[in-house]
């Protein structure tokens with residue numbers, strides 16, 4: 001417990017000091033319109049795409065620095081409502097975003113950035129011949145799911161219920177990357193994760209299943225009310241929602257939102 | 001009464017101030033837990049089935065891990081304190097590595113050895129059909145891994161502090177090394193063993209990183225209190241505070257109850 005708490009506390013302190021130095025930096029630089037430091041809290045499943053989008057943004061806006069904090073959306077939402085100094089929040093589900101908007105921590109209405117769907121992640125070559133959700137309930141097949149508290153866990157539960165499949169997972173991981181890691185390490189035979197996570201992992205294959213259409217997750221993004229750099233935050237959100245930004249996200253396996 | 005008073009006058013402010021700040025820094029977060037605790041809904045929250053399941057699992061695994069540590073750690077401490085052998089300093093350094101190792105790294109290391117594809121784990125799996133990750137035994141293993149150094153260091157310290165003449169006397173009276181160990185050494189260092197076991201138990205109770213990495217998280221099987229706290233924090237801060245409060249109460253109660261008896265004298 002202590003290690004995690006200390007880590008969370010340190011992350012908070014680090015983020016705070018970053019925000020403080022960010023403010024100081026903005027004073028030094030007269031071009032601070034969209035300059036300075038943008039602190040983005042993003043869902044774990046956005047790790048690869050937002051890292052790339054952050055670099056693109058920095059390249060397009062010289063003198064800026066995008067600081068990314070990836071974790072389970074619910075943990076991030078809790079951190080934000082507890083006062084963590086972030087400029088932008090990108091969540092993996094509307095429910096986790098609601099935590100932030102209900103607390104009055106969002107500036108404006110969240111926009112749906114992309115959508116994501118669950119797949120079954122299996123080791124390359126699918127050694128257990130998993131063809132659908134029903135195969136995960138077979139005896140001897142070890143499965144990792146996300147905990148219900150995080151969006152990928154909620155989606156997994158919805159999909160399993162839609163398929164009428166009951167299974168006892170080996171573990172309920174605290175975020176989607178945790179579930180993914182357990183398949184990569186070979187400790188479980190399969191995990192329910194996002195399509196984008198499997199596409200980013202060369203050693204895994206994705207098994208698509210029809211029930212995942214019932215558990216599509218919208219990814220909302222919003223500028224936060226207490227943003228230290230609101231102009232930079234808006235510019236970053238515009239950047240990821242631009243056609244170029246959306247292209248990066250769809251290339252990774254995300255689906256464009258219905259209105260695009 | 002007069003001596004402490006005289007001593008207090010001599011405490012320089014340059015030491016007293018940081019000392020007070022240090023104490024405040026340690027105590028304030030705990031006070032925060034108490035202040036923010038949802039006292040009115042506390043009984044209802046405590047009665048939720050998941051809470052007791054996690055608490056029981058925590059107490060059981062911490063106790064099992066402590067027993068494992070005592071069974072293996074006391075002989076190891078004796079070896080380090082009483083037997084001259086080449087590389088003893090290296091062994092002592094190795095024993096303390098889990099103390100400084102981030103627990104998550106310990107969990108990954110455990111997976112690489114005891115995991116299904118691990119060095120020993122794959123053999124255990126194919127030969128005996130035993131798989132340790134995601135089991136309660138895996139939790140015990142993870143907790144023992146991070147907690148054992150506390151016991152070994154405490155017991156070794158007690159052994160070094162114990163007068164070796166008693167053991168020599170036993171030897172001259174014809175007792176073998178085993179008899180000397182069980183009849184003379186062990187009773188002599190019993191307070192040290194107890195102190196080490198308490199520290200070990202407390203560390204095992206609070207274990208998070210190695211547990212969630214190696215044993216995963218499943219209610220009733222591997223979800224100990226610290227894991228429950230972390231996951232509760234994702235959605236329900238109040239629940240997390242309640243769980244933290246329970247863990248704090250249990251730890252403080254055990255330490256306070258045993259301190260005067262054993263830990264203080266060691």
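Glycine residues also receive a Cβ, built from the backbone N, Cα and C atoms like all the rest.
Take the CB of residue A:194 (molybdate binding site) and look out to 10 A: across all protein chains shown you find 32 other CB atoms. Look at TrEMBL and you will find A:45, A:73, A:176, A:194 tagged as molybdate binding site.
According to TrEMBL, the signal peptide annotation covers A:1-26.
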Original post:
Near residue A:73 (molybdate binding site), how many other Cβ atoms are within 10 Å of its Cβ?
Top reply: 34
Subject >> Neighbour count (Cβ, 10 Å) for residue A:45 (molybdate binding site) >> reply: 32
Original post:
Using the Cβ centroid of A:45, A:73, A:176, A:194 as the reference point for the molybdate site, which residues of the same chain not in that list have Cβ within 8 Å?
Top reply: A:43, A:44, A:46, A:72, A:92, A:116, A:146, A:150, A:151, A:152, A:175, A:177, A:193, A:196, A:197, A:217
Original post:
For the molybdate site made of A:45, A:73, A:176, A:194, how many Å separate the two farthest Cα atoms?
Top reply: 14
Original post:
Over all shown protein chains, what is the count of other CB atoms within 10 A of the CB belonging to residue A:176 (molybdate binding site)?
Top reply: 32
